[in-house]
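This report refers to the structure that appears directly beneath it.
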Amino acid sequence: GLLLLAAALALGGTAAARCPAPCVCDNLRAHVLCLHGNLTAVPDTIPQLTKKLDLRGNSFKVIPVGAFLATPYLTYLDLQRCKVERLEEGAFRGLGRLVYLNLASNGIALLYQESLDGLSSLQQLILEGNHIEEIQPGAFGHLGSLTVLDLRANALVYLPDMVFQGLQVLRWLRLSHNALHVLGSEAFTALPALRRLSLDHNELQALPGEALARLDEATWLDLGHNPITYVAEEALAMASLKHLFLDHAALQDVAPDAFARSPQLRTLDLRENQLQGLPPLAGALARVSLAGNPLLCSCLLRPFHDWLARARVQVEGACAAPPALRGRPLDSLRPPEMRCGHPRLPSSPAVPSEQLRVASSGQCPQGCACSPDFRHGSCENRDLRKIPQGFPRDTRLLDLRRNAFGTVPSGSFPGLKELVSLHLQSCSIGVLRPGALRGLESLVYLYLTDNRLSTLAATAFEGAPRLAYLDLDRNAFARLPAGAFQLLPNLISLHLQHNAIGELAEGDLAGAGGLRWLYLAGNAIGHIAPAALAPAKMLEKLHLEGNRLAEVPTAALRGLPALSELKLSRNPIKRVGDNAFLPVASSLQHLYLDNMGLERISPSAFAGLGPKIRSLYLESNKMSNIPNMSNFTGLEILNLRDVPFRCDCQLLPLRRWIDKLNLRVGATCGSPTETQGLKVKLSTTFQTCPGWGRGEAGGASPDKTKAAHKPSKKKRSGKSPARGFKKSRA
């Protein structure tokens, strides 16, 4: 009785006196329940020492600033189904002890920078089932203790770079059941502790390898139920990944080396795709699931079957053809049974072809496969000479890869107003006629990779005004198809890699005012006119690696206020001059200057750059020193491997700076001879430099520096120059 009385007094009196209607208060456990009432604001009479507050099923609409200041001891807060539409900045301020926050099944559309301010102890945040379309950078910046973030069933389409910055201990990120089709390459950069990522049930049409490569510690990745048709060579580079789910996608092919850069991968789930077979896969897989695929158990599958036995990989799946082997488990087959001469099946799920070819709104062209469930059509690798017509009108993805069309005539895709993604890779296309895409008013993705295009008419893209992602890699362009972008006001991403482009001239990008990502790697570009990039004022990424530039195109960078990533790797640039990056100094975050044979960087080359720079790649060059970069305080990646630094006193400022970084930089000495191959941080040559003691390992005094060069009874006098090295991951 005394304990109950004490608890009641601690909560400010009896339950009857302090418990707001229509709530129920459990004073002994410090719990308050106000369920399914008509509350329009958080009651201000909730006992101050309440730890668990359950407000499910009310009608708050807005959570105002400081709504919970009266209950600072809360550790659990449930606001599910409360019709919340907006979280004002500072809404949860004062809840420094809160561990669990559930905001599921509300109407939140936007997360502001300070919406979640004050939740420094929060471990679980549930935002499932809202209408979140946009997350402002910094929205999670104050959630340093968060381990689980649930953003399932929202309306996310795009994840910008660094959107999860601040979530240093997050272990599980749940992004299932959104509409994601674009991920920034640095979207997951700030998640060093992430172990599990759920991206299933989205609209990803290709494996987002560049973004996923940032997740060094992730072991579990779910990409199921995405319309991914192909996994390319070395598409996934995740050092710790063990379990990968690509089930219920639209896969038709997987490259042999697709997972070669994920050495820990053990489980691969490929159930319910459109795979007729697989090649032997590089890596150390232990289990592959292929159930629900139309597997053709002919001699073409023998290499894969032999690999399963040789590598002792467990497999789940059964033959769909030939008829004599239909239903036989793969692991029960003997090589002599897998004979050739059987007809090729359509790339489609294992259901009768007659049923498959009929979609909800029309017939499927002869020899093709149409899936009414996915709204996909495929005539991949059918040796077609003309583009087939007659696909269901609600088709959203059309895969016509690996045919021999040669020309795409005007009006090639009648009636496909809902088509979003069109795949025309490897089709020997040399001509795209004006009006070829007429009527494709919903088209967002167009893949024309590996063709023979060398020019495009100004009206080539007429009728596809929503086109946002255009892939023209590996064609025969000798210059950008000037004028072709005038009819593409929504173009975001342009791929023209591995063509034969020799220069970028003024007017080449006319009309590309909304372009954000421009990929020009692997061309022969030796000159960029000062005004060549001017139309693309919103450009964020410019990839120029593997070209013939002899200098940084500084003049061409003027007028690009949003440029955050610049790749100049593998260009024959021997010297970087003063103010080379000054035009983009206010926005640049990622700079690639590796593998160029670079011999000298001017002391003022990086003028203007500073805390915004997050990654700098300088590996595999020939300079022996680099400028002072002490103001690069925001660096998260610095690569100085295979640079022959001269480890003498002139390098002492760099040696001191590296000592303070908690980064793996890989800097080694190239000279003098006695230091060759040593890490710069471990070289003892700096101990003889004037002022060594003042800057080394935190700045010893001059007196202590002198003591370090002669015997002393003091233990500190023998301090190793590598003391700071222990603080680093290097």
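Using the three backbone atoms N, Cα and C, a Cβ is placed for every residue, glycine included.
Feature list (source: TrEMBL):
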type	residues	note
COMPBIAS	707-730	compositional bias 'Basic residues'
DOMAIN	18-52	domain 'LRRNT'
DOMAIN	293-341	domain 'LRRCT'
DOMAIN	363-397	domain 'LRRNT'
DOMAIN	644-690	domain 'LRRCT'
REGION	690-730	region 'Disordered'
SIGNAL	1-16	signal peptide
Per DSSP, what is the helix/strand/coil residue tally across the domain 'LRRNT' (18-52)? 1 helix, 7 strand, 27 coil
Mean of pLDDT values spanning the domain 'LRRNT' (363-397): 87
So how many of the residues in the domain 'LRRNT' (363-397) end up helix, strand or coil by DSSP? 0 helix, 8 strand, 27 coil
Is it possible to list how many residues within the domain 'LRRCT' (644-690) are helical, extended or coil according to DSSP? 22 helix, 8 strand, 17 coil
